[in-house]
Amino acid sequence: MTKDDAVPVAVAPAKRQPINKYAFGCALLASMNSVLLGYDISVMSGAQIFMKEDLKITDTQIEILAGVINIYSLFGSLAAGMTSDWLGRRYTMVLAAAIFFTGALLMGLAPNYAFLMAGRFVAGIGVGYALMIAPVYTAEVAPTSARGFLTSFPEVFNNSGILLGYVSNFAFARLPVHLSWRAMFLVGAVPPIFLGIAVLAMPESPRWLVMRGRIEDARRVLLKTSDSPDEAEDRLLDIKKAVGIPEDASDGEDVVAIVRANKASQGEGVWKELLLNPTRPVRRMLVAGLGLMFIQQATGVDCVVMYSPRVFERAGIKSKTNSLGASMAVGVCKTFFIPIATLLLDRVGRRPLLLASGGGMAIFLFTLATSLLMMDRRPEGEAKALGAISIAAMLSFVASFASGLGPVAWVYTSEIYPVRLRAQAAAIGTGLNRLMSGATTMSFLSLSNAITIAGSFYLYASIAAAGWVFMYFFLPETKGKSLEDTVKLFGKDTDDDDDVDTSRHERKRSTELSAQH
């Protein structure tokens, strides 16, 4: 035996698949509507201070105005489900940008409270559209190797929009009262113009193209957005199977059969299958997806975003300008910690991030509530220290949310439903998410008056703890699964046929053997 034979050769670790640049660009553009979403929600936190003084409106009117955008977004999310199947994912995003533009103009030019409510209604429709369509489109375009990373982009941009809203509050706070809040809203009318044009450069979702019988168009998009030609073909076969199109069908071949197979995918019977007569796997998907959407908002994160100046004031920051400046820390915190989840989603998985995030949120909400409660029972010197603890706990809560539950919930719910149900199921989940956001933000001031701010945060801490238990027992891991394979984690559907998978697995095996030789 020679010396060289005795020393084993080191084997280089397998390199991670590089991010597909075309898919990255598509996800980037699709997610930019979420900037407007975050901006419209957070800009209200500072604008309400000046609106109250300028328009002489009450706390109750402010509370309704702040939270009702989320209730209005219910209509947008449900309409987006139908629009995305009718017009396609891409033109639905263009429509969302147009709606945001109109809403920003109406709010910025509003002469009275009623006009403001009309503007919030239009903006709310845009919020619903953006929340539903961006994750769905990105999940359908992204390759499996980077789906978690790319599908978290909407939440990244949403939090960037939240930060910009706080920056706008601070930047325009020194204008005359009657101009300051108007400028905050009108600035939001500029980005939609550019975003609506930019989205037109994107391709349509390959899944929507297949549902319309445009097989070759879908293949071209998949070749650009997949990590290899083999993966593109596998994804195409998966989509065909999920939609019900024959494996060997292509454009111009048996178009009547394709149209018939796609009727269910284009919305006919979907609501019945989802709500009236769901199979056991679909029922489990709905429990997981809707439960996650409920938990994400019932823990009160939007109350912190919307009313952060009031919470900071309660913690001892009395100056209006200082409280707006401190509120920017909330936006910075959310924006800074989002990339943690984005980078780890496809490495450690969805479940570990969700569980770590939910546990941290429960702990920091409890700490925030306890410190606020004790502030009223301690002398001034100790109260200042408790105020600092309150602020640190609030920022830590935001960081926990942003590094897990915030982005991961949207990723998870965009990938667990079968293609024939995905748009409508995502719309229902988005609707519930917005309903809970509206319920918490519209009740926060009244709830705080009834049981104190500390009591409100104790309630949210209890919900976060219960949410952790739910996520532990009900959410399977989806990391590394194709969209079509993910649905099998919830059980075998009655439409599944293992024989249909045979050719796909045989071709994969053949490819692996060829690579070995």
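Placement of Cβ uses the backbone N, Cα and C atoms for every residue, glycine included.
Listed in TrEMBL:
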| type | residues | note |
| --- | --- | --- |
| DOMAIN | 26-479 | domain 'Major facilitator superfamily (MFS) profile' |
| REGION | 490-517 | region 'Disordered' |
| TRANSMEM | 22-41 | transmembrane segment |
| TRANSMEM | 62-79 | transmembrane segment |
| TRANSMEM | 91-109 | transmembrane segment |
| TRANSMEM | 121-139 | transmembrane segment |
| TRANSMEM | 179-202 | transmembrane segment |
| TRANSMEM | 285-307 | transmembrane segment |
| TRANSMEM | 327-345 | transmembrane segment |
| TRANSMEM | 352-374 | transmembrane segment |
| TRANSMEM | 386-412 | transmembrane segment |
| TRANSMEM | 432-451 | transmembrane segment |
| TRANSMEM | 457-475 | transmembrane segment |
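In this chain, the transmembrane segment (285-307) lies apart from the transmembrane segment (121-139): fewer than three C-beta pairs between them fall below 8 angstroms, excluding pairs fewer than 6 positions apart.
Within the same chain, the transmembrane segment (386-412) stays apart from the transmembrane segment (432-451): fewer than three Cβ pairs sit under 8 Å, each pair at least 6 residues apart.
By number of Cβ pairs under 8 Å, the transmembrane segment (22-41) is matched best by 179-202 from the list 62-79, 179-202, 352-374, 432-451, 457-475. Comparison of 179-202, 352-374, 432-451, 457-475 by number of C-beta pairs under 8 angstroms to the transmembrane segment (62-79) places 432-451 first. Panel annotation: around the transmembrane segment (432-451), residues 59-60, 62-64, 66-71, 73-74, 77, 127-128, 131, 290, 293-294, 296-298, 300, 302-303, 306-307, 310, 459 of the same chain, lying at least six beyond its termini, place a Cβ under 8 Å from a Cβ of the stretch. A mean pLDDT of 85 is what the model gives for the domain 'Major facilitator superfamily (MFS) profile' (26-479).
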